[in-house]
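Enquirer: The following block contains the structure, expressed as structure tokens.
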Amino acid sequence: MKPNLKQWKQFMLFGICAWGLLFLVIFVYFTDSNSVEPVPSAFSYVESKKHFPLQGKQRAIMGAHQDQLFSYAIDDQDLLKEGILDSFIVGPGSMKKMAGADNYFESEQEFIMSKKTQKSTSNNHEDDDDEIYLHKNIDSVSGKKAPAYGKRYYHDTQRQHKKIRRNMQRKKQHMIEDSYDWNGFSSSMSKSFLQKLWKGNVSSKMLTPRLQKARREYLRANKLGVNFNGKQNSRKLNPQELLCVLKDRAQVKTLDGKDAPFSSLGWEKYFPKIALNKLYPHGFSTCAVVSSAGAILNSSLGAEIDSHDAVLRFNSAPTRNYEKDVGNKTTLRIINSQILTNPNHHFTDSSLYKDVTLIAWDPSPYYADLHMWYHKPDYNLFPPYEKHRKRNPDQPFYILHPKFTWELWKIIQENSNEKIQPNPPSSGFIGILIMMSMCRTVHVYEYIPSYRQTDLCHYHEQYYDAACTLGAYHPLLYEKMLIQRINQGTEDNLLRKGKVILPGFSSIHCPIKDHIT
């Protein structure tokens, strides 16, 4: 009987040890599997909104458009409370100094944007309970039980509790996000992507599948017959070299009626007698280029914009009811050919197009065949232009020569590592280069988005699409990387205001013989 009793005791002891081991394995398993799934990148999204077609006559009007996934908005004070914005204030210099951004952006995958909102009382209590629970368990395990389990178990437990803490923080973030009133704002752009865009270091592979597909389709379609025979620069030009290339080649050219078919049609009398590059003989000291992007809402940039000597706006972007954010002054307005031909824009009677210098443009074939373009423009801007000139002969109103827009396209392509869309640059990029030819300093607002980045295409329209910021028809992504390379503004200006500061051509000093190509 005694041997049996002894065996029975051994069996019971073995069973207790086995149960203890099983309990420990189950505990470790469930602790590991409790991690919150990381939020998928916004660039692997499944589209849930109905988008306008990316091709044909639904060509984007403005050069700053966007893709719908989440609805986020943000406020200065939220970031100030978290101490995030302060880490970006490093004064003038290169974007390479954005060490603070690197640290911040490593924490999460998504660019979480928020409006000022208070957490609910229940959420506060839950947070407190989580913290109390965590501290109690850390104390009990690491403080009292660690010696009993040995150093290895102690370190394993520490790692487990770090993981628990991260999971709690993610849980809190999701609770806070759920409590916000997103108010229709959206951004499908990840934080890491935005950071790279600020540094001018992104590629088409980082775009959403939809925008990648749109880019491939435009490359394949090549509607305008682009046959680029140039070559990409063998090395990346430094900012000064790139500025000299722009100064040398981005010479603003408008139609003057002296080229066929306009010369034979008697159009010379309709075009202004004074060339655009001589319209303001003394130029301007400082100028503002105001993007129509939704990110400019809630910026309070209006007074700063109006303080400039000249202000350029785009298409049908209004100022009325938006003065606080976009200002009220307008000196020049660039208009896409759709503005002249679409009755919804009221080109003939809207005050937006009066008492300002107008600059219109329309995509032409790549080789700038004026005959072909005149008889088959993308949108037939010529009849409304003629009508407007007859009614308002004293208003400066120009049509850009296609050679100018395609020369800008060539510069972008030569300084990009990938094939860009075979379509003209956006109105935004065209406007920036025109103002660089007129002003000593150019301040560009929300062309490269600030932390207020949103998928709201235009501040005055309720339409959301990531193509508005990153490009579908226009090679916007590559335009913005080029502009960022020559940006002389501070990191803080770009982060808070979406402001890029560029030197005008008159203030750029280049070698007389410059072989930079």
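Just so you know, glycine gets a Cβ as well, placed from its N, Cα and C.
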Enquirer: Which of C287, C468, C510 is the other half of the disulfide bond that Swiss-Prot records for C439?
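Expert: Of the listed candidates, Swiss-Prot names C287 as the partner.
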Enquirer: According to Swiss-Prot, C510 takes part in a disulfide bond; indicate which of C17, C244 is its partner.
Expert: C244
Enquirer: C468 pairs with which of C17, C457 in a disulfide, per Swiss-Prot?
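Expert: Out of the candidates C17, C457, the one Swiss-Prot links to C468 is C457.
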Enquirer: Please work out the number of neighbouring Cβ atoms within 10 Å of the Cβ of C468 (disulfide bond), leaving out its own Cβ.
Expert: 29
Enquirer: Just the number: how many Å between the Cα atoms of C468 (disulfide bond) and N298 (N-linked glycosylation site)?
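Expert: The Cα atom of C468 (disulfide bond) is 19 Å away from the Cα atom of N298 (N-linked glycosylation site).
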Enquirer: At the level of the C-alpha atoms, what whole-angstrom distance separates N201 (N-linked glycosylation site) and C244 (disulfide bond)?
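Expert: Between the alpha carbons of N201 (N-linked glycosylation site) and C244 (disulfide bond) there are 21 Å.
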Enquirer: Considering only the recorded positions C287, N298, N328, C439, which residue has the minimal Cα-Cα separation from C457 (disulfide bond)?
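Expert: Checked the recorded positions C287, N298, N328, C439; minimum Cα distance to C457 (disulfide bond) goes to N298.
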